[in-house]
Amino acid sequence: MKTVILLTFLWGLSCALPVARYQNTESESSEERTGNLAQSPPPPMANSDHTDSSESGEELGSDRSQYRPAGGLSKSAGMDADKEEDEDDSGDDTFGDEDNGPGPEERQWGGPSRLDSDEDSADTTQSSEDSTSQENSAQDTPSDSKDHHSDEADSRPEAGDSTQDSESEEYRVGGGSEGESSHGDGSEFDDEGMQSDDPGSTRSDRGHTRMSSAGIRSEESKGDHEPTSTQDSDDSQDVEFSSRKSFRRSRVSEEDDRGELADSNSRETQSVSTEDFRSKEESRSETQEDTAETQSQEDSPEGQDPSSESSEEAGEPSQESSSESQEGVASESRGDNPDNTSQTGDQRDSESSEEDRLNTFSSSESQSTEEQGDSESNESLSLSEESQESAQDEDSSSQEGLQSQSASRESRSQESQSEQDSRSEENRDSDSQDSSRSKEESNSTGSTSSSEEDNHPKNIEADNRKLIVDAYHNKPIGDQDDNDCQDGY
């Protein structure tokens, strides 16, 4: 029953009694946060953990202050050394009077509840020590604001869970829940902090701290958006730069294509020019060959004369040798033995005779060449005369042909005229015959018409009679026989 009463009393305290010391700790934490904002936004995780631990501490402090009697003895005098050490470690100089000893009611009720409360207080002291160590590390490293901001959302529900666990453990404990608190870990409170009982002020301070944390978050989110926007702008610039590069490459490729087309066109023009030059050279070589052929043809009759002259010159020494042999034979046949003088004279005579012969031979050669030229000229003249004669013959033949054609035309015209005359005579005869025939026909037609007129009434009467007979004998109209049978059957 006592444990149930204690639990209900603790529940009423946690719902109704405010903690004045919580305001002081929140104001100090807000001052530290503003100081850290000057350099960089501090991690809110450490602050949230610290505030949660302070909430658990103030609940314990309120319980202790509630159950502390007027004449109770506090054991804070013996723990001053521990308090000073904790001040140096945590950096907080806000500590309350510690009551590590049990109250008078705990002494009356006994020790089992005291042991349970000691275990719960040990758990809370460990959580508060962790929070103070995180706060110190956050103060030493203020530059890691973004990482702590990402950890803040994770740490807050954990901190809330730790406070709820500590409260549930306090509710479960049967014996005195005031327990021995931790030794100077920043969660104890002074007796002066319990004097203010205004819950509105604590709530306003909590709302202020939440607004400040929201402002810090907005600033951090702005800081996060700024680099993302700069990254987006950098990405857009990279895309524009890459598009410009691709456009430049396309332009370069187009220029290369144009250059290749120009090169191909220049090559084609060069090939055409070289072909034209070659054709011109070939035409020139052909003209040169034609001129050389014409010159060789012109030089061929002239070249025959020196060849004939060389053959004649080669024949001269043979003639000289033959003449000398003849003279020697003549001298031997005479049997003369002339002297040297006669021999020399004979030699001179023979030389002179040879010269005369050479002269005569050369003259004969010149005459032969002249005769050849005359013969060639005569031949050309004869050819020209023959051509003239052939032309005259052609003219005469053409004239004869024209004469024969004219004679044939005249004969044809005469024949056509005679034929026309005969035809005209025949036509006249036929006309006379036609006229006689027409007269005869007219006469015959007149006689026939008169005879037909005479025979016409007779035929009508006969027809009428036949019709009457036919009707009497029941004969058809087309039946002209005397038989009873119809024609065609």
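Cβ coordinates are placed from backbone N, Cα and C, and glycine is handled just like the others.
Values in this document were obtained by computation on a predicted structure and should not be read as measured data.
As recorded in Swiss-Prot, the features of this protein are as follows:
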type	residues	note
COMPBIAS	143-159	compositional bias 'Basic and acidic residues'
COMPBIAS	217-227	compositional bias 'Basic and acidic residues'
COMPBIAS	263-274	compositional bias 'Polar residues'
COMPBIAS	275-287	compositional bias 'Basic and acidic residues'
COMPBIAS	346-358	compositional bias 'Basic and acidic residues'
COMPBIAS	420-442	compositional bias 'Basic and acidic residues'
COMPBIAS	453-478	compositional bias 'Basic and acidic residues'
CARBOHYD	N340	N-linked glycosylation site
CARBOHYD	N378	N-linked glycosylation site
CARBOHYD	N443	N-linked glycosylation site
REGION	22-489	region 'Disordered'
SIGNAL	1-16	signal peptide
Review point. From the Cα of N443 (N-linked glycosylation site) across to the Cα of N378 (N-linked glycosylation site), what is the distance in angstrom?
Key: 94
Revision key, fill the gap. DSSP composition of the compositional bias 'Basic and acidic residues' (275-287), residue counts helix/strand/coil, works out to 13 helix, 0 strand, 0 coil
Check your understanding: What is the number of residues in the compositional bias 'Basic and acidic residues' (346-358) that are helix, strand and coil, as DSSP sees it?
Key -> 13 helix, 0 strand, 0 coil
Review point. Once the chains shown are all counted, how many other Cβ atoms turn up within 10 Å of the Cβ of N378 (N-linked glycosylation site)?
Key: 11
Review point. Are there residues of the same chain, six or more positions away from N443 (N-linked glycosylation site), whose CB falls under 8 angstroms from its CB, and which are they?
Key: none
